[in-house]
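Heads up: the structure comes next, in structure tokens.
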């Protein structure tokens with residue numbers, strides 16, 4: 001080819017396509033090299049072989065399988081191949097959103113335990129320590145981190161020569177001007193792999209941006225316009241389409257569930273319409289009239305119009321999203337449900353689903369709407385978990401775990417925070433309270449339930465306000481999704497128009513007028529009850545009946561939407577749900593809509609003129625001047641008397657106290673239910689806990705008298721009540737009495753190495769076995785004490801040696817260990833006192849935390865003295881002797897000489 005052609009054309013492969021691998025990778029090979037805990041499906045094994053081929057051809061690539069088909073496990077299998085077959089020790093860098101970081105870590109541990117994986121997270125100080133460790137010890141295979149930390153510590157990560165750079169949820173890179181895109185282009189990587197369930201969302205430009213990451217030499221930044229211009233008319237030019245297929249074939253693999261996961265249960269989407277309450281209608285009109293200037297010049301007022309659209313969407317969700325609308329004293333009641341047509345429908349929908357034994361993922365765009373839904377869940381007594389953008393990684397993981405392991409009815413999620421990477425197949429019903437402008441976000445959210453591992457049919461229910469902007473937003477999203485499906489199909493890039501459709505030129509000011517004719521036809525509520533069974537279909541034994549389609553979906557207020565990839569999806573939209581009475585509302589507002597809007601505007605202007613001529617000036621033209629509110633004099637805020645203020649204060653206090661009491665009762669009920677479930681689980685596994693009961697220590701607190709007077713008494717006691725000795729605490733210097741050895745552990749259930757951990761393992765096989773089993777059975781909480789004998793290998797002639805493991809440290813999911821938590825240590829010492837008192841035993845401790853920088857030994861010593869020594873328990877603190885080391889007396893115990 002001529003040298004003047006763009007680089008991507010110079011690298012165009014031959015007509016016959018890429019040469020196949022001489023030797024295919026088989027699953028037994030991967031198992032031999034270290035793959036465990038999974039049986040790859042045939043299409044996943046094909047994907048692994050395709051990735052291997054790309055690696056050998058030195059092509060970066062995009063694995064664009066639909067959400068839920070196992071892109072993570074295919075990537076891990078590739079890394080296993082590189083290490084096991086090619087002896088490529090990496091390092092490999094994996095970038096992903098924070099929301100799926102724990103999932104990546106768990107699947108690395110599960111599928112590739114032979115690969116060492118470092119999770120690079122934490123605050124600045126923690127990451128600095130990790131950087132030092134990684135520089136000193138480079139023997140890791142995989143470094144796992146998030147986009148945000150990659151940007152913060154780009155200079156450190158650039159210092160490595162990565163064998164593989166893998167980016168999960170890679171549609172984050174669709175803009176080649178973004179900081180992350182520019183940063184990753186500076187990384188040194190032999191092979192670049194992008195994972196995304198949505199390889200193209202809007203345009204050829206976005207696709208080129210991804211190609212620019214995987215093969216920057218072929219798809220250079222400067223030639224994006226050449227790419228767009230060459231292929232923008234591929235729908236008309238079959239030669240260009242064929243050329244584009246060949247160009248993309250080495251770089252892009254895309255499979256959808258309908259093609260490869262035929263055993264996956266069916267997914268059906270149903271659109272259910274709802275009316276509006278009178279309160280919602282009132283505010284809907286008021287929002288439209290708040291800023292009339294915005295409708296005069298759309299180009300200049302686009303931001304204002306977008307704000308109006310957002311406010312209208314909030315109004316359709318719930319009027320309480322606006323300050324000052326909810327009536328005082330802010331007590332949850334039926335008014336919360338009746339104020340919103342959407343929540344009125346959702347209330348009946350959830351009751352229907354609950355009685356049928358279904359479990360629900362409930363998505364909303366707005367976290368404030370999730371707040372209202374959370375109040376509603378508490379009011380109705382439904383069990384739920386919640387995840388949104390404010391929920392930290394550890395809490396997010398716990399919520400997902402709880403939903404998977406417990407019969408929780410609803411999982412509340414924000415679409416963008418909860419729509420990425422989560423596996424929530426315990427749910428069989430997905431409800432979208434409102435729709436995203438980008439349909440790919442909704443698709444990803446629905447894929448949390450409809451994915452590999454789901455064994456039930458999935459029903460996706462979308463709630464849309466009738467005759468509101470929600471209708472036109474959803475229609476535009478559906479059109480956008482149809483365009484995307486034309487662009488990429490069956491693993492190839494296929495002909496599809498990339499020019500904006502007619503709707504893209506649709507004026508925003510026109511969107512806001514949609515449906516006004518019918519919406520404003522009456523002032524009253526348009527909410528009504530509908531037959532949910534006829535709309536949603538049959539349900540039996542907690543499962544949707546896959547073969548029974550709803551009989552009255554379209555007629556009864558609902559509309560069936562086809563599953564992605566089905567034949568229905570490619571049909572004409574001529575009979576779409578937006579075609580009412582022969583008029584296509586998806587194209588533009590009707591004449592009646594425009595007429596109703598003009599009437600509103602004229603009325604608003606008349607009211608403004610009357611108010612102005614009446615001698616009053618408006619401080620804010622955005623005042624809510626609508627029929628029913630503007631008639632008569634403007635109502636002033638009532639000035640309350642001191643008695644009325646006091647009465648209101650008391651009512652608010654009573655309401656707050658009642659809410660607090662109800663929340664406490666529900667919390668206790670939930671804890672009791674969880675405890676009963678855990679006891680049943682333990683019994684089914686034959687597990688017996690070694691934890692000391694906390695009831696006796698709580699009783700001891702009640703009987704212990706005045707703490708302050710006790711503290712004063714301790715000051716007068718001789719410090720020799722603690723015996724300081726030199727020796728090995730695992731072989732206590734005891735007489736004929738029982739001896740309790742104390743050791744502090746964390747709540748992870750992973751036994752440590754070195755120091756006292758190793759010494760205890762030499763002494764007995766029980767500590768590691770009992771501690772790790774307690775971790776597996778979720779029997780390790782801060783403040784717990786595991787007490788058990790350790791005389792299995794050696795014993796004294798008289799008296800028994802026991803080990804008390806105090807859970808006093810927390811290890812988070814990124815393997816960061818906290819310091820010793822004094823409250824947990826104190827709780828543990830209380831329990832040890834009662835056990836030692838009953839057994840008439842002595843207590844033997846190492847110098848807890850002596851190697852920890854900044855550890856409060858003085859406070860620890862006081863706790864030991866307070867709860868053990870001064871209460872009659874023989875207490876010994878051991879200093880381990882080391883060669884050529886002289887043991888000096890601790891400053892806090894100057895009168896206690898050490899035994900040499």
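Going from the start of the chain as shown, residues are counted 1 onward.
Cβ coordinates come from backbone N, Cα and C, glycine included.
Look at Swiss-Prot and you will find 52-217 tagged as domain 'Helicase ATP-binding', backed by sequence analysis.
Here the motif 'DEAH box' (168-171) has long-range neighbours at 62, 71-72, 94-97, 100, 104, 194-196, 198-199, 201, 206, 210, 213, 420-421, 440, meaning same-chain residues at least 6 beyond its ends whose C-beta is under 8 angstroms from one of its own. The motif 'DEAH box' annotation in Swiss-Prot covers 168-171.
According to Swiss-Prot, the feature region 'Disordered' maps to 546-569 (among others).
According to Swiss-Prot, the region 'Regulatory linker segment (RLS)' annotation covers 606-640. Restricting the average to the region 'Regulatory linker segment (RLS)' (606-640) gives a pLDDT of 47.
Residues annotated as region 'Required for ATPase activity' in Swiss-Prot, with similarity to another entry given as evidence: 620-678.
Under DSSP, residues within the region 'Disordered' (641-673) fall into helix, strand and coil as 32 helix, 0 strand, 1 coil. Positions annotated as region 'Disordered' by Swiss-Prot: 641-673 (among others).
For 643-680, the entry in Swiss-Prot reads coiled coil, with the evidence type sequence analysis. Outside the coiled coil (643-680), and at least 6 residues removed from its termini, the chain residues within Cβ reach (under 8 Å) are 328-332, 378, 381, 383, 406, 778.
Marked as compositional bias 'Basic and acidic residues' by Swiss-Prot: 653-673.
Per Swiss-Prot, domain 'Macro' is recorded for 709-900, and the stated evidence type is sequence analysis.
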Q: Using DSSP, tally how many residues of the motif 'DEAH box' (168-171) sit in helix, strand and coil.
A: 2 helix, 0 strand, 2 coil
